[in-house]
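A.B. asks: Before we start, here is the structure in question, set down as structure tokens.
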Amino acid sequence: MMLSEETSAVRPQKQTRFNGAKLVWMLKGSPLTVTSAVIIVLMLLMMIFSPWLATHDPNAIDLTARLLPPSAAHWFGTDEVGRDLFSRVLVGSQQSILAGLVVVAIAGMIGSLLGCLSGVLGGRADAIIMRIMDIMLSIPSLVLTMALAAALGPSLFNAMLAIAIVRIPFYVRLARGQALVVRQYTYVQAAKTFGASRWHLINWHILRNSLPPLIVQASLDIGSAILMAATLGFIGLGAQQPSAEWGAMVANGRNYVLDQWWYCAFPGAAILLTAVGFNLFGDGIRDLLDPKAGGKQS
């Protein structure tokens with residue numbers, strides 16, 4: 001009897017690792033999430049194969065075909081210098097969608113690592129990291145992003161860097177909160193007792209158990225990052241001419257919106273469809289992985 005009590009006292013808690021295959025199986029029961037996933041897959045395929053799907057050279061100027069409406073020759077019409085809008089929207093997906101993916105990758109990796117370090121180290125290091133994050137969060141995201149992009153200079157790379165910097169604090173706070181919980185688990189304490197390094201604890205225990213909320217945050221952030229990159233492109237702080245970026249295309253077409261509606265409509269629709277697809281997918285992932293959000297979790 002005493003032996004069984006001692007054994008149960010030292011038995012480690014069950015590890016709840018992220019299971020990607022189980023997540024895919026759960027997604028099948030959510031039609032809205034499946035629909036958004038189909039939209040995302042189609043947009044990603046468009047991004048990858050856009051050079052071969054484009055019907056014209058996206059940067060070819062033809063002043064004899066300027067501002068033509070949608071037709072069999074130009075499916076989305078043409079812009080003010082005769083460039084084919086269908087080809088530019090397709091090729092522009094490489095910049096707009098890739099910008100969102102790169103931003104989330106940078107912010108997610110740096111923010112998750114800083115958050116886990118802050119939660120594991122504690123003390124002064126934790127206080128310094130979190131005070132810096134609090135200062136960044138106290139400034140409106142759009143204002144801080146525009147200020148950083150203006151300071152770095154107008155280009156797509158600088159715009160992505162500015163957006164990523166602004167998004168880092170969200171991942172830091174999320175990862176730190178998870179680290180504070182996971183580090184109290186019995187198996188983590190046992191690994192620490194047996195001399196496991198902090199990097200081992202972060203990589204093999206804390207970070208892996210923090211994946212579900214981080215994936216939710218990332219899936220929601222991609223749509224926001226695409227919108228933010230388009231916003232910077234619209235105001236001239238993102239991609240520059242003659243590159244085909246959706247936000248810059250909408251900015252160029254705003255002077256023709258009353259008569260040549262197609263100039264703004266098609267790149268704007270691409271931004272809307274992509275952002276909504278990623279946001280709906282993020283909502284579906286959150287409902288499945290976060291029980292506090294009212295989703296299903298088994």
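Any Cβ shown, glycine's included, is placed from N, Cα and C.
For 97-282, the entry in Swiss-Prot reads domain 'ABC transmembrane type-1', with the evidence type sequence analysis. Annotation source Swiss-Prot lists topological domain 'Cytoplasmic' at 1-33, 118-124, 167-217, 282-298, citing sequence analysis. The feature topological domain 'Periplasmic' is assigned by Swiss-Prot to 55-96, 239-260. For 34-54, 97-117, 125-145, 146-166, 218-238, 261-281, the entry in Swiss-Prot reads transmembrane segment.
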A.B. asks: Under 8 Å for C-beta pairs, could you tell me which stretch among 34-54, 97-117, 218-238, 261-281 has the largest tally with the transmembrane segment (146-166)?
C.D. replies: 218-238
A.B. asks: Hey, which bits of the same chain come close to the topological domain 'Periplasmic' (55-96), Cβ under 8 Å, at least six residues off its ends?
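C.D. replies: Distant Cβ neighbours of the topological domain 'Periplasmic' (55-96) are 43, 46-47, 156, 226, 229-230, 239, 242-247, 249, 252-253, 256, 260, 262-263, 266-267, 270-271, 274.
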